[in-house]
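K.L.:
Grabbed the feature section from TrEMBL, which reads as follows:
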type	residues	note
TRANSMEM	6-24	transmembrane segment
TRANSMEM	45-66	transmembrane segment
TRANSMEM	72-91	transmembrane segment
TRANSMEM	98-118	transmembrane segment
TRANSMEM	138-156	transmembrane segment
TRANSMEM	163-182	transmembrane segment
TRANSMEM	202-222	transmembrane segment
TRANSMEM	234-254	transmembrane segment
TRANSMEM	260-283	transmembrane segment
Amino acid sequence: QTQLFGVLLAAASNFLVSVSLNIQKCAHLQLVCQAEQKPYYRSKLWWCGITLLGLGEVGNFTAYGFAPITLVAPLGCVSVIGSAFISVFFLKKTMRTADILGGTLTITGIYLLVTFAPNVPQELTARQVQNYLVSWPFLVYSVLEILIFCILLYFYKRKAVKHIVVLLMMVALLASLTVIAVKAVSSMIALSVKGKMQLTNSVFYIMSVLMATSCAFQIKFLNQAMHLYEATAVVPVNFVFFTTSAIISGVIFYREFQSATLLSVFMFLFGCLLSFLGVIVIARNKKEEHLQIPFIDCGHIPGQKLTDKIQPDSHCSCYGTLNKEDDLVKRQS
């Protein structure tokens, strides 16, 4: 029942995140269409989206305390398919065949994930987290991860290689540490709320610092990828890399598949593959929308709309189209 609660909480939180993102985009579109421009942070609709985003992220954080990493991380695909279908209602987009196919694949994958996910005890004490930190599988994994990250960072800094795979691989390596720390912190807080105090142990603060630091650098590289590449390319690649690294870290650090059968492992991985394919199909060939910004603000010109453009006249050296009479008066004066 505890694991089921974590699954439902993660799914609901990711759906809430998708709703919040669409509300924020809707708020930006409304602000552009207004005659009097004002900052987005003065929009009540935008703040509504930010509030829902905060609630969704808090829900995701809490879900790690009740369900395994290998189950919570892949449920991030709920936000992708939720955003695709909600945008049809919020932003009046057209439902594509790819959205229906991708949504079907993703929902099938989610069903397999939930059905064949490992059933492991989720009450992690500070002592257990300490033992996991000094275990040899995690130490070997940490050394390999640090080595790969340093190689990628060398190409990123010294060779100026900013390929999407390089950037999102660094994000995924940092994300594996983030989810390990998030689960540890969330579990210790949950146990403390139940009366088993864990917050006095130093490992709680070590994991909190690790969570904040890795998350900050993860956001830095992810923003760099979003700046250089379109979201339709970043979202599916980041989801695949993030989910893969989260599953690997959950298997190695928390040993979540230690007692699983071979069939359960195979069906779980097959569910992950279907989810990956669903997200890729939804994002494939999805065009980026750019807001139409006029060259000159026409909001206060009679007979002109805010989004009308004044183009240069091919028969005149002046910028904009002027009447012949106005042009003659101007030259005479």
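The backbone N, Cα and C atoms fix where each Cβ goes, glycine too.
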K.L.:
Output the single range from 72-91, 138-156, 163-182, 260-283 maximising the number of Cβ pairs under 8 Å to the transmembrane segment (98-118).
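P.N.:
Looking only at 72-91, 138-156, 163-182, 260-283, the most contacts with the transmembrane segment (98-118) come from 260-283.
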K.L.:
Counting only CB pairs under 8 A, let me know which of 45-66, 72-91, 163-182, 260-283 has the most with the transmembrane segment (138-156).
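P.N.:
Ranking 45-66, 72-91, 163-182, 260-283 by Cβ pairs under 8 Å to the transmembrane segment (138-156) puts 163-182 first.
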K.L.:
Honestly, do the transmembrane segment (260-283) and the transmembrane segment (45-66) touch, with at least three Cβ pairs under 8 Å and pairs 6 or more apart in sequence?
P.N.:
no
